Every structure is written in C-alpha cells, then in structure tokens.
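Here's what TrEMBL has on this protein:
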type	residues	note
DOMAIN	5-123	domain 'PLAT'
DOMAIN	135-254	domain 'PLAT'
DOMAIN	392-509	domain 'PLAT'
DOMAIN	647-761	domain 'PLAT'
Amino acid sequence: FLLAQLWRVQVKTDGDSPEPQDCKRTLVIYGSKGKSDELLLSPQNPGHVCFLPSATDEFTVETTDVGDVYKIRVSCDDVPGFEGWCLKSFHLEELHTKQELNFDCSCWFSLSREDKELAKEFPVVSKDQKTLPVHEYVVSVHTGDRWGAETFANVYITLYGKRGDTGVRNLHTPLTRGRKFQRNKVDSFLVEAVSLSHLQKVVIGHDGEGYGAGIYLKMVTVRESQDSDKEWVFPCWNWLDTHLGLCETVCEIVTVGRRLISHPKLPEISMQSSGLWIMDITGSDLSNEVDPLHLSFIFFGNLNHKKLPLQVTGKAIQIKDELADIGSLHKVQVTGPHSELKQPWRLDLLHMKHTGTKEEMYLAFDCLFNPNEDKCVELPALYADQEPLPVVEYSIHLHTGDLKKADATGEAYLCIQGERSDSGKRWLNSRNSLITFARGQVDVFKIKAVYLGKLNQVLVGFKSPKKDEWFLEKIVIKEVSYPFSSHVFVHNDWINKRSKKDFVEVVIPLKETSVTSGLTKQIDTKSRGLWQMWVHCTQVPEDVPDIQVVVFGRRGKSPPQKVQNLNDNPFLLTVGDIGDITKVSFLLSSSCLGRGIKLHKLCLKDLDTKQVLGFHTEDHCLFGKDGSETVTELAAVRPDKAPLREVLYSVSVHTGTLPASGTDADVFITIFGEQGDSCKRRLRHARFERGQVCISELRAVDLGHLRKVLVEHNNVGYGAGWYLDRIVIHESGKTDGQYAFLCQQWLDSGVGDAQMARMLR
C-alpha cells in the first residue's frame, strides 16, 4: 500500500501567451519511487477560465508516494486551431510535509513555433542539489529495404532509461525535409527530456492511419544530443503491421548496447591492426558469495573464435586480450555459471575498446545468471556505420518417433551451426533435473541467438541415467522473423546407449529449407469479401461525375460499384471471393473531364480480417492530368512482394482495304491478360480510314501474357459499319513481344452476322 501525497500546483502563464483555448493540459510527476498518473489540470470551480495571459492558476492533485521528485512533464493536447501556450513557471507544494519544489519553465507549447513541441520536461531546481540536465535526444528511425516498408501512419515513441521515461512522443517533425518513413531511409527527430541516464528500451508504434500503414522497422538509434559521438542501438528487423511479422503495430525493443557514431579517424585503420582489446565488465555485487563466479566469454570473428574463462569476484572486472586470429569480431557469447552459485548475479555491461584502432562498443547484456541454471546469451558487435546483426528467435521443434520404446528421459543439449557461427551449447533441461521426450510427441524450445546465417547442421547431445534409447525422428527449426524460414534436419534413427557418464552426440545435416511470407498470426475470421474503401482527392469538379470502381484479384474481379465520395470518408465495397487483390480500376461514365482529379490517398480494409492494402498515389490523377482518359488503374502495394508494374501499351488498329471499310464511330477496346483486363477503353482517334493504321497508347497495370481482345464501336455516325483487319499490341518502347489479333470481318449492323463487337484471340 502506497501512501497518498497531496500537492498544490501553481502555474504561471506568460503575458505573451494567447487567450486560452479548449485544450487539455496534463502533468506527470517523477520521483525516486516511480511516477504519477497523468494529472489533468482543470479548474476547481465550474466556469473558471484557466491559463489566461499573466495569470497564476492553482490546482490540487493527489498521487501515490513517488519518493524524491526530480522532474515533471507538462503536456498539451493537439487540437485544431491551437495557437499555443507560453508557460512561465511551475511550483509544487506537498501539503502534508510542506516540501516546496520549483521548476524553471519559460517556454512555448506550440506546433507552429520553432521547436514544435506539445510536451516538455522540467527538472527540479534546488539550491541543495545539482539540477539534472535536459537533453535533446536525437531519435533516428531506420526503415528497412522491403517492398511496402514505408508508412504514412503517425509514428510515436517512448524512451526508457534508468531514470524514468519520456512519455509518448509523436515523431512529426524530422530534422531533414522530405517524406518521412520511406523505404531504406533514416529519419531523425529531436525528443527533449530530462536526462534518462543509461537508456534501456524504447516502445515504438504507429496509429495505423494512412494506406499501407505497416512499416518494416530495421532499428532505432538514439544519441544524447546532436554533438554526441555515441548512440544507443535498438534493433528490430521486423514489421509493425497488423498482418505481418509481429502482427502488432507497437513493439518494445531492448537495447543491445552503445556504439560510436563514426569510425575513429586514424590512418590505415584495420580491424586486424596491432593492439589489445581492453574489456571492462560490470554487474551486480558478489559480496555475499564466498567463491568467485565462473563464466566464459566467447568472441566470434569471421575467421575463428576464442574462449576466455572469467572469474567474477566483484562488481567490476577488467580483462585484456589481443583476440588474435579471430578476424573481425561480430558477436560476443557469455555462458555459465560453471560453478555453484548461491544467489543470482546480473551481468550489466561489457565495454570493449581497442588500443590500436580505437574502436569502442558497449554491449548491454542486462542478463541474470541464476543458481541451477545453465545460460548462454549473446549480442552482436556494434561498429560505427555497420548495421548490427539481428538477434533472432529460433523455435526448435524436436520430433520423437512413434515407435515402441522411442521415448527417453535424460539430459539434453543442442548447438545450431550456421554459416556465420554457432549458437553455443543450449541446454534443454534445467541443471540437476531431467527431461522426458515422449513417444510420438513434439517438444518445442525457443532460443535467441545473433543471426547465424544459412543453417548447416545441428549437434544434439543426450545422456540417460537409465540408459534409455531415444528415437529422434527430425528437428525443425523456424526463424521467428520475416520472412519465416523453416529448416528441417532429419535423423530417423536411435541415439544409442552409452555409460551413465557419457553424452552421446549426433550431428544432423540440413535436409531442406523453406521460406514463406505467410502470416505468423492465423486469421481465424474468414473474409466475406466486404471491404471499406477510402478515396481522398482534390481538384474535384463542382458537378461531381459518376465514377465506378472495379477491384481485381488473382481469381477474378468485382462488379463495378459506385464511388460514394472522394473526401476520405469510408464506404463499403462488395468485392467477393476474388483472391489476393492485385489492382483497382476507376471508370468514368461520362466521356471526359476538363482536367484530372488529383488523387492523394487510396486505401482498402477487409472488414473481417482487418487486412489493409495501400496504393502508390504520388503524381497520380484520376483520368489523366488533362482529364481525357476514362479509366485509371492502380496496383495494390503488398508488403511481401513487389506490386504489379504500370505498363504503357501501344495499340495498332489496321482498318481493312475493302470499299467503305472506314468508320467515324467511337471504337472501344478491352485487353485481357493472365493478370486481369484493362477495362473498356475508348481509342482516341476521330476516324479509322480505309487501309490506314491508327496507333493509340493505353496505360494499364501489367496484364501479363495477353490472351484476347474485345473490340466494339457505338454505331454512331453515317456509315458507322467498319471492316477491321487486325489489331497489334506491344509494350510501348519495345520491339519484341508483339501480340497480333486477326479479325478480317465487318463490325456492322447491316452486314453479315450484324455484330458490332468481336472477341479476337
């Protein structure tokens, strides 16, 4: 039970502040024992107006016992038309103890002014103690290099350190101009906060707004200021998406450590240059331990690895080694304890610095070694300007055969070997206890290791005190990341008996690997083919034209349906069971517009599975910039594969040479391919003269291999009948890959079969 604290809060508003608006203002108090909830600063008397220019307002708030207060955070809501608030000072008084706290504020809360912030933190100002510094943390979001990796959603982050957190901050204003969170780009933002001491983790997410809201997040890096020479690294290598990877739009990322921002400026720098690695290891105290703790530090390079035994006797230990012949260091593994342990011991940090190259890295293990537990943990090396290898979760499925006496009880370990390195020996049973592998069962274990590269083999060790034989059918190892890899190692044999002391080791080579881009989360809800659509346009004519939309999928297309609005309000489409959606076509019922309709956003969302599809709308106008087209197509952007490309087709129409072969009627064409059709298009030619070749261009999402063409005319005008010889279609700018569709018939209501539309194959 935490004792309550009652606070009197005095807030002074500066004289330069504009008249107050209906905007929520909140306060969070941070102390040595924790923090308060968000406290709403609202008037105690109904009708009283707070935060007037030059006014002092008083509030009473209650909190749990937060301990010794060291900072506060004040926030304003982002409401439309908010001009800002100029805060002069904050004063807190604890009404039970009469303790008074002052905060020097004097700042603006505004999105329209230079710092563009609506949340500010202030340290306690006291004569008795040093005021904590306020840092402008530089938060860099590294978007990955995957199809659909970018997002137009609003991204937010919270930084956590040994001294509190920043609260949720919106990343709205990058340090450099341009569109945020685009594929294979890095965007940096300033987050002002009272010093958090050592950073431990971040929580980053997005609100799912905008098309294709999912983002493939490579990592987040944070430095204390724009002048810092080091940065904390938070690797993710996963999707923040409702349907991919983590299947979440928010994730918590623990830091792997700190690295230099740029390489030390030394002539002829080489990772193999002479010198020593000086390694400082810090952890919890061992004062109650009689015997030292024995651990092993294993340093993996691209050429070899080296194992250094370590005796831990206190909170800080230093070791020095050349780490010769291992090549360029890429990960550090810690195993143990190799001795009896009476109490848990925490490994906090490994600081490595090379005396020759001046390379430096801080690996934040933050790992607890418990009694009766064999642990193996590892982190990637952190070099400037190099992407750290991700720490991957491997899910290991051990299949025991369904044979008589196939089950076994004993001790077991395994080691996964990949092209980069191995996972180290990972025990499947706790120390001083046994594990049973039951007949016909699948046992699942999870381990985390620095990315091993392509997996080659698995080493399994087994010892049974009862001399049990174990029939191990196979091991399936799945990488729990994106894309999802599954590696199968087939043994289909007994692991033989030995004496009680000996472990039997078997090496099982890789049999097969499969990679899927499927979802990690199975969607239980079956789609009924009902989708919401958002269309946001500008330059819309006052007399809004009748526009219809057709949705294409791998197994068919939807019927044409009316576009209900162009102002970003969702409306319902009945798409049906058409398979994975590939493109959307907008059809104009009238002949043409005076100018194109500027398209800013297009988004589809399945009402049942909640899948969201986006479309690249940059530089897109519905029906062409001049409004002369009747169809506009956009390819669906899927995160797991490239969208279908846009193709400019050249259509050559050969009119026959028979008397009266030509026509003045409007001619229409629909091209059918293995990936759908082009929808009905009017060919832009006033007349199709006898013996002439009329060439038109038609822009469409790639139709794949062309199969047939439907050609027709509207039978308007004198002598509308038309003798068509053939149509030839090829991709504009290419001379190969032509498709010729022969007709050599009349399209005439008064000749032959009187057909005015023909399907050419």
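Our numbering is plain: 1 for the first residue shown, then up by one each step along the chain.
The backbone N, Cα and C atoms fix where each Cβ goes, and this holds for glycine too.
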**OP:** Mind tallying the domain 'PLAT' (647-761) by DSSP state, helix then strand then coil?
**Re:** 0 helix, 62 strand, 53 coil
**OP:** Can you tell me which of 135-254, 392-509, 647-761 gets the most C-beta pairs within less than 8 Å of the domain 'PLAT' (5-123)?
**Re:** 135-254
Original post:
How do the residues of the domain 'PLAT' (5-123) split into helix, strand and coil according to DSSP?
Top reply: 0 helix, 64 strand, 55 coil
Original post:
Given the model, what does the mean pLDDT over the domain 'PLAT' (647-761) come out as?
Top reply: 92
Original post:
Per DSSP, what is the residue count of the domain 'PLAT' (392-509) in each of helix, strand and coil?
Top reply: 0 helix, 72 strand, 46 coil
